[in-house]
């Protein structure tokens, strides 16, 4: 019995197992965040790259702020066993917890609009489909995947996430290595001609605000906090989260600097298509397939989260959860509103919609998190293990 216990303890403490346990929340965050945050390149321009040679400070601010917020989220959830978003929001803002959903649902629809607009522009450019034809394709495919069942959705999202990460790295390296001189010129000369009055601090503040978008993602990571046993675990996992969050941002940033300040790229709805235009045709096709898959996966996740939030609010009101027909209706309505909003255009949706959403989420989630979680930044204090004897 003693030997078996020692073997179990040794297994739990093996470096590889500990590392994988601490990486789980970071990988979950990255998997959800990547599609909506980096797939088109438009987001990186609006929140940093537009500052040219000064824009790197936005990435640094994102890494620092993202790590801090991740630690506060993970440690608060770990200590209080808040493994779902409703428990977390009730802990942070009490009876006003419904404000999170009030912001989240329209913001999620706005993100669906961004994804739909990206698909419309991408298919117009690569396959010469009419803009609304591309929007219709992503809406229909998203609906099909949603109704295919949870098992299919998990497999679909997993394949798409891995493919996007690999392709994103490959495309970034391809562009960076072929535009080294221009990148060096922009960075060495601190060229910020698109923001002539901008400063390093301006870019850093923009990066810090962009991290507010992460509050849309954190609810999906809370279930993984069960794997964190101590304050140190929360800190290490938060560092992984902050690092993984900005790696794709910096890859896109350096790639974009190879074209700064060209309007053909920096005014484009999907900048990656313009950056890859000089590459062989098959490169653009691969990008279209991988990103199209990811846009659908991100849309599926957002639609599911909207349905779950409506169900949760019905339960809070003492009503029964939605019938299948109502779920279909909610799904169709979310996708339809997203499609209609896409008419605004991806540039304005990201520049204005993402900024408003980020600030709103900082107010209802970020500030309360700092107020209630600040004590976890202090040295000492209790370090209660929340997972008990659970093996991870």
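Placed from the backbone N, Cα and C atoms, the Cβ positions cover glycine too.
TrEMBL does not curate its annotations; it predicts them automatically.
Look at TrEMBL and you will find 51-74 (among others) tagged as transmembrane segment. Beyond the ends of the transmembrane segment (51-74), by six or more residues, the same chain brings 25-26, 29, 88, 186-195, 198-208, 210-211, 214, 218, 221-222, 225, 228, 234-235, 237-239, 241-243, 245-246, 249-250, 253, 257, 260-261, 366, 369-370, 373, 376-377 to within a C-beta distance below 8 angstroms of the stretch.
Sequence annotations record features per position, and here TrEMBL assigns transmembrane segment to 95-119 (among others).
According to TrEMBL, the feature transmembrane segment maps to 131-152 (among others).
Here TrEMBL flags 159-180 (among others) as transmembrane segment. Listed as Cβ neighbours of the transmembrane segment (159-180) (distance under 8 Å, sequence separation of 6 or more from its ends, same chain) are residues 30-31, 34-35, 38-39, 248, 251-252, 254-255, 257-259, 272, 275-276, 278-279, 283, 286-287, 290-291, 293-294, 296-297.
According to TrEMBL, the feature transmembrane segment maps to 200-218 (among others). Packing against the transmembrane segment (200-218) from elsewhere in the chain are residues 29, 32-33, 36-37, 43, 47-48, 51, 54-62, 65-66, 69-70, 73, 85, 104, 107-108, 111, 245, 354-355, 357-359, 361-362, 365-366: each is 6 or more residues past its ends and has a CB under 8 Å from a CB in it.
Positions annotated as transmembrane segment by TrEMBL: 239-262 (among others).
Positions annotated as transmembrane segment by TrEMBL: 282-307 (among others).
Listed as Cβ neighbours of the transmembrane segment (328-346) (distance under 8 Å, sequence separation of 6 or more from its ends, same chain) are residues 40, 42, 108-110, 112-118, 120-121, 135-136, 139, 142-143, 146-147, 269-270, 299, 302-303, 306-307, 310, 322. The transmembrane segment annotation in TrEMBL covers 328-346 (among others).
As annotated by TrEMBL, transmembrane segment applies to 352-371 (among others).
Contact count against the transmembrane segment (131-152) (Cβ pairs under 8 Å) is highest for 282-307, out of 95-119, 239-262, 282-307, 352-371. Between the transmembrane segment (352-371) and the stretches 95-119, 239-262, 282-307, the greatest number of Cβ pairs separated by less than 8 Å involves 95-119.
Long-range contacts of the transmembrane segment (95-119) within the same chain, counting only residues at least 6 positions beyond its ends with a Cβ under 8 Å from a Cβ of the stretch, are 35-36, 39-40, 42, 85-86, 89, 134-135, 137-139, 216, 269-270, 291-292, 295, 298-299, 302-303, 305-306, 309-310, 312-313, 316, 334-335, 337-342, 344-346, 349-350, 353-354, 357, 360-361, 364-365. If one looks beyond the transmembrane segment (239-262) by at least 6 residues along the same chain, the residues whose Cβ comes under 8 Å of a Cβ in the stretch are 22-23, 25-27, 29-30, 33-34, 37-38, 41, 44-45, 48-49, 52-53, 55-56, 59, 62-64, 66-68, 70, 165, 168-169, 171-173, 175-176, 178-180, 182-183, 186-187, 191, 193-194, 214, 271-272, 274-275.
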